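Heads up, the thing below is written out as structure tokens.
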Amino acid sequence: MKLKTTLFGNVYQFKDVKEVLAKANELRSGDVLAGVAAASSQERVAAKQVLSEMTVADIRNNPVIAYEDDCVTRLIQDDVNETAYNQIKNWSISELREYVLSDETSVDDIAFTRKGLTSEVVAAVAKICSNADLIYGAKKMPVIKKANTTIGIPGTFSARLQPNDTRDDVQSIAAQIYEGLSFGVGDAVIGVNPVTDDVENLSRVLDTIYGVIDKFNIPTQGCVLAHVTTQIEAIRRGAPGGLIFQSICGSEKGLKEFGVELAMLDEARAVGAEFNRIAGENCLYFETGQGSALSAGANFGADQVTMEARNYGLARHYDPFIVNTVVGFIGPEYLYNDRQIIRAGLEDHFMGKLSGISMGCDCCYTNHADADQNLNENLMILLATAGCNYIMGMPLGDDIMLNYQTTAFHDTATVRQLLNLRPSPEFERWLESMGIMANGRLTKRAGDPSLFF
């Protein structure tokens with residue numbers, strides 16, 4: 001394994017695979033904060049060159065956190081299909097990138113090849129891709145999952161309806177649900193981030209969500225994004241269960257900082273299969289985001305792109321209905337400006353799809369970042385072009401509870417009509433029955449929540 005290269009007469013020597021992975025990243029403030037970023041553009045190019053010549057086996061055999069030290073590493077490594085891996089283990093990362101981007105490589109080819117990839121290998125491919133590569137490659141890798149709606153079908157574009165309220169006021173939540181539905185939003189999930197994380201409050205909010213779903217016979221699923229154990233307890237006590245949610249991290253230490261163990265995720269999957277009101281096989285929902293491991297002091301000297309890829313390796317094990325990166329939510333300490341946020345969003349979507357998960361993105365930023373609403377619109381259009389499964393939707397994109405800026409209900413409508421995309425088929429049929437959509441286009445009734453009253 002070669003760890004050095006010569007560039008413009010200068011020799012660049014790297015100590016190990018972890019350092020090569022980190023320094024091959026595009027510039028981002030989180031890697032600088034962690035002390036792992038390349039010192040110059042020249043060193044970054046040198047690291048990319050070294051990384052491109054490494055083999056799949058080189059990367060697999062050198063995980064950024066040792067197998068014996070970390071349950072996430074063990075899960076990722078143990079899930080590898082050895083037959084698929086043996087076919088590609090001697091490929092260089094450059095050859096793997098070319099394979100993913102090749103027009104001769106089919107969806108089925110990638111579906112088999114991805115079974116032989118560890119998360120570090122997935123991250124390595126992303127690091128030597130341009131933004132256009134990330135878009136083009138992801139578009140070639142659709143991932144379709146089924147709950148009560150079917151998400152990820154090529155030609156469709158879904159959205160989470162996110163009716164958050166600063167007091168968990170159920171009238172406010174219901175009003176936002178009606179407005180979102182009137183724009184054709186909600187086919188991914190109707191999901192509330194609660195202020196208060198307890199069984200009673202969670203049950204009350206779930207009852208509100210399913211009160212609307214049941215009244216209008218809406219083919220979708222609800223979720224309250226409390227801690228996974230709170231959701232499990234509420235569902236066991238009789239609350240209506242849709243998707244079961246949890247934020248995840250790419251290391252065992254990071255999971256512990258979130259109060260999560262793999263056994264909890266195992267239990268969530270079992271409870272969902274037993275109790276939840278889901279027609280399909282997929283009942284879990286995960287959120288991630290670059291920088292989460294570093295913010296928890298749980299990155300072990302690894303860069304944030306690689307740690308994010310490990311989130312997807314963990315998620316893949318549980319076959320979730322949806323996963324999304326909350327890409328700019330963590331703030332400028334980790335992704336400083338719109339350029340870094342856009343790059344991260346494209347990387348995350350590409351890595352999620354190459355990992356084989358139903359990947360969406362919360363196109364967002366915090367109010368102290370060097371970004372504005374144009375960032376969200378730029379990123380959502382780029383991601384929709386890349387085949388992203390879903391984005392978020394809330395009134396005017398302003399989340400007054402979480403205090404950040406995301407995409408609005410009308411943004412989903414704009415993307416669908418701009419790029420000739422449709423909601424999930426089950427949800428579109430319901431929209432047509434309500435007079436909100438006809439022939440894939442919103443009608444004059446759209447955007448008027450009073451049609452539900």
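The count begins at 1 with the first shown residue.
Cβ coordinates come from backbone N, Cα and C, glycine included.
Taken from Swiss-Prot, the feature substrate binding site covers Arg160, Leu161, Gln162, Asn193, Glu287, Asp362, and the record attributes it to experimental evidence. Residues near Asn193 (substrate binding site) in space but far in sequence (CB under 8 A, at least 6 apart, same chain), listed by position: Gln162, Asn164, Leu225, Met401, Leu402. Look at Asn193 (substrate binding site): DSSP puts it in coil.
DSSP assigns Ser295 (adenosylcob(III)alamin binding site) to a helix. Feature annotation from Swiss-Prot assigns adenosylcob(III)alamin binding site to Pro194, Gln246, Ser295, Met401.
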Residue among the binding-site residues Gln162, Gln246, Ser295 whose Cβ has the most other Cβ atoms within 10 Å: Gln162
Neighbourhood of Arg160 (substrate binding site) by C-beta distance under 8 A, where only residues 6 or more apart in the same chain count: Val185, Gly186, Ala188, Val189, Ile190, Gly191, Ile322, Asn324, Gly360, Tyr390, Ile391, Met392, Gly393
Residue pair Gln246 (adenosylcob(III)alamin binding site), Glu287 (substrate binding site) - Cα distance, angstrom, rounded: 7
Neighbourhood of Glu287 (substrate binding site), C-beta criterion under 8 angstroms, separation at least six: Leu225, Phe245, Gln246, Ser247, Ile248, Val323, Asn324, Thr325, Val326, Asp362
Among Leu161, Met401, the most crowded of the binding-site residues [Cβ within 10 Å]: Leu161
Neighbours of Arg160, Leu161, Gln162, Asn193, Glu287, Asp362 excl. site residues, C-beta within 8 Å of centre, substrate: Val189, Gly191, Leu225, Asn324, Met392, Met394, Thr406
